[in-house]
Amino acid sequence: MVKVTFNSALAQKEAKKDEPKSSEEALIAPPDAVAVDCKDPDDVVPVGQRRAWCWCMCFGLAFMLAGVILGGAYLYKYFALQPDDVYYCGLKYIKDDVILSEPSADAPAARYQTIEENIKIFEEDAVEFISVPVPEFADSDPANIVHDFNKKLTAYLDLNLDKCYVIPLNTSIVMPPRNLLELLINIKAGTYLPQSYLIHEHMVITDRIENVDHLGFFIYRLCHDKETYKLQRRETIRGIQKREASNCFTIRHFENKFAVETLICS
């Protein structure tokens, strides 16, 4: 009988030679295998959520841009917009009700009174802004006045009452901005002697205006947060004007070659 034996060392050596092949086979994935990325489910953002976040980002940027544009326009209107010319001047007028065809140099000086105003002209916007300070002797109220030729409106802010009054622009009394500017230049240069007469106009308060937004930027700026009322004009005459004693106040001003006394009654 023949006994067959195997060398254990040789068997272990051959087993070690076969190990790299098996490891290489383990690294080669079959063609139909699917790769799986093992991540934490909490770290994965759904596609719908990412799209919603992108839309919110876009809308937020759009609103910010719109706010910057509107805010810039608002600041420009309030701070950067300057009048083309600013004048502080006065006009002498005859107080009594004597009708003169032309102002006379022989008229007694005591009959003349003076209106002083601060006038700002926004020629490009066709707007005149008149500030009447507290008169020294006359029994009239200080006021701020806006004549808006684009809106065809006039607004009076009585500074004593802190109330606004709006009426259609009377172009027969109020000079256009360019003409008024020429008049003021002539007065300043001394080529025109501002001695004139007084026109009376009578207005009656009617309805209250709840919203002044539609009255234009300049009147809105004047009358915002003020009680604002409509005015109705009565017949404007030169000379004596019958007045009602109760609930009336006057504003004396000029935006022409003559002075105007505006009587406003409730």
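Every residue, even glycine, has its Cβ placed from backbone N, Cα and C.
Sequence annotations record features per position, and here Swiss-Prot assigns disulfide bond to C164-C223, C248-C265. Residues annotated as domain 'BRICHOS' in Swiss-Prot, with sequence analysis given as evidence: 137-231. Look at Swiss-Prot and you will find N170 tagged as N-linked glycosylation site. Taken from Swiss-Prot, the feature topological domain 'Cytoplasmic' applies to 1-54. Look at Swiss-Prot and you will find 76-266 tagged as topological domain 'Lumenal', backed by sequence analysis.
The most densely surrounded of the disulfide-bonded residues C223, C265, judged by C-beta neighbours within 10 angstroms, is C223. Secondary structure at C164 (disulfide bond), taken from DSSP and collapsed to helix, strand or coil, is strand. When other Cβ atoms within 10 Å of the Cβ of N170 (N-linked glycosylation site) are tallied across all protein chains shown, the result is 14.
Across the residues of the topological domain 'Cytoplasmic' (1-54), the predicted structure has a mean pLDDT of 55.
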